[in-house]
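Below is one structure, written out as structure tokens, with a few remarks after it.
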Amino acid sequence: MCQTCVLFIQFIEAIVVLVRQTSHLRVTRALRPIFLVDCRYCGAVRRNLRQIFQSLPPFIDILLLLLFFMIIFAILGFCLFSTNPADHYFNTLENSIVSLFVLLTTANFPDVMMPAYSRNRWSCVFFIVYLSIELYFIMNLLLAVVFDTFNGVERVKFKSLLLHKRSAIEHAFQLLVSRQRPDGVSLKQFDGLLRFYRPRMSARDRFLTFKALNQSGTTMLSGEHWFDDLPHTAFLIFKGFIHLLSFVSTLVSALINKRCFLNMQLLVLSCFVVYGVEVLLKITGLGPVAYFSSGWNLFDFSVTVFAFLGLIALAFHMEPFYFIVVLRPLQLLRLFKIKQRYRNVLDTMFELFPRMASLGLTLIIFYYSFAIVGMEFFADVIYPNCCNTSTVADAYRQINVTIGNRTVLEEGYYYLNNFNNILSSFVTLFELTVVNNWYITMEGVTSQTTHWSRLYFMTFYIVTMVVMTIIVAFILDAFVFRMNYSRKNREPLDDPEDEKGIVFEAEVTRVEALQALELYKHTLVGTNISSLQEMCVAIEKSGHPSLVFLGRRSRTKSDLSMKMYQEEIQEWYEEYSRTNLPQLDSSLHRDLDSPDPSQSVN
């Protein structure tokens, strides 16, 4: 519905432009990201936007409290300091509100205090009390409330997704069972499901998945198993010493002269030899597939390759590529995995990267919308010497100054912060997000337009504050969750570099492999059985009656949540069973009692 309305408005707007043969104010272009958000590839962005809107009610409550105190202090400041002709921050009630709003970001402190402080030293109490209440209490209270709401939303979301998955699995089980065998799923039916769900999965992997789920060893996958969840220190110190030695050599190389720098190359080459030997030994011992399946091994390999390229650059005096050499000490990051707390921090960082990317895209969407609005209202407004009548004129002034026999151009560079194009708008909005001296840009635009332009900048600050608070709350929630999980489960981590993740085991005997091969040959015609044949050959060559196949996947937050909320999950399942199982049982009986369509007569 929303997309239809936006599309209709833009269609009408396009017709108006064609009829008038001239452009006009087109703020509706800021709504274009709606079509991007609604595509299948931006599901994470939609979830972020939904979570932002779900966190808005408590945020708005605290924001209203913050604005209430701000207006009270603005009125008080106007009454106290408006009599001072040198104090332009509080000469009107509007300026008082704007000055205190900017003071909340500390961008104009202590400048806003100095005119009143020069007349009466006790006036500092006003600003100290204001900052103590607004900045150090209410702003932190805002973060705490949003974090608590975010935490509750995450828990409710996990519960709803978990129960939704269970409902879908129950429905799939009902669809797979037959009237002749209502208590289980055969390999043939399970194989058909996986061929539809994962077309590229080999026959061997489909059979092993069936074996991993079927813990009873029977030919049927029962409902009970259907719902099961597919569930070095001394050497590190030596490596750390080598990494540290490489880092020191790089640092010294950057500080000493070129002749001494050449004498350091032997040390650099020695460190590179150690790196290269380590990589070769790991690839030889683990095998290329196992080695490159580890993220840390990929990191090591990349840094070692860059180190090799850096040596080539130095050997051929390719000085512009010297930065490659500096990348070698990045291997020092591996030292942080020795300590448990650092491992938790690094693991949290790696888990956050995908979600942070979606949050960054969400922020860019807001940037785009505000950039379009800024271009429509403030394009070509800011230029050198544009704001000579404002209080921030020096930041935009561009004059020629004669010093001796030379003429020097002195300029304030804030005229570069404009909304003339989309790239300049993005840079300007990012500077507003950082909030250092953001009021200079706001006052410059206001002096060239109207006082109502301040609403644009204040609204942008509030919106970005909401998004950034959500991002901070997300980081806090992920880190606290990880720490609580480690504290609750106390998993032994003998090897800090162990990255097995979730491991699945399936033991296959020679008889089972041959039976599966015969089944695929006779009943599942058209299936590529080369992988099953290779499995049978591997069992024959091993000389053992059976082989154990291992499957691995990376651990996600959903896996951690399954262990973290283990007790609550049982209660959720019991509650779900009481409310939904009677309906499911009745629907199952109806499906089983209904006539088989394959036996109907036309």
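Placed from the backbone N, Cα and C atoms, the Cβ positions cover glycine too.
Straight from TrEMBL, the features:
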- 18-154: domain 'Ion transport' (DOMAIN)
- 59-83: transmembrane segment (TRANSMEM)
- 89-110: transmembrane segment (TRANSMEM)
- 122-147: transmembrane segment (TRANSMEM)
- 234-255: transmembrane segment (TRANSMEM)
- 237-480: domain 'Ion transport' (DOMAIN)
- 267-291: transmembrane segment (TRANSMEM)
- 303-327: transmembrane segment (TRANSMEM)
- 348-370: transmembrane segment (TRANSMEM)
- 455-480: transmembrane segment (TRANSMEM)
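Same-chain residues lying 6+ beyond the ends of the transmembrane segment (59-83) with a Cβ under 8 Å from its Cβ atoms: 89-93, 96-97, 99-101, 104, 115-116, 123, 126, 130, 133-134, 138-139, 141-142, 145-146, 149, 462, 466, 469.
In terms of DSSP secondary structure, the domain 'Ion transport' (18-154) contains 106 helix, 0 strand, 31 coil. With a threshold of 8 Å between CB atoms, the same-chain residues lying at least 6 positions outside the transmembrane segment (89-110) that come near it are 66, 70-71, 73-75, 77-78, 80-82, 116-117, 127, 130-131, 134-135, 139, 435-439, 442, 451, 454, 458, 461.
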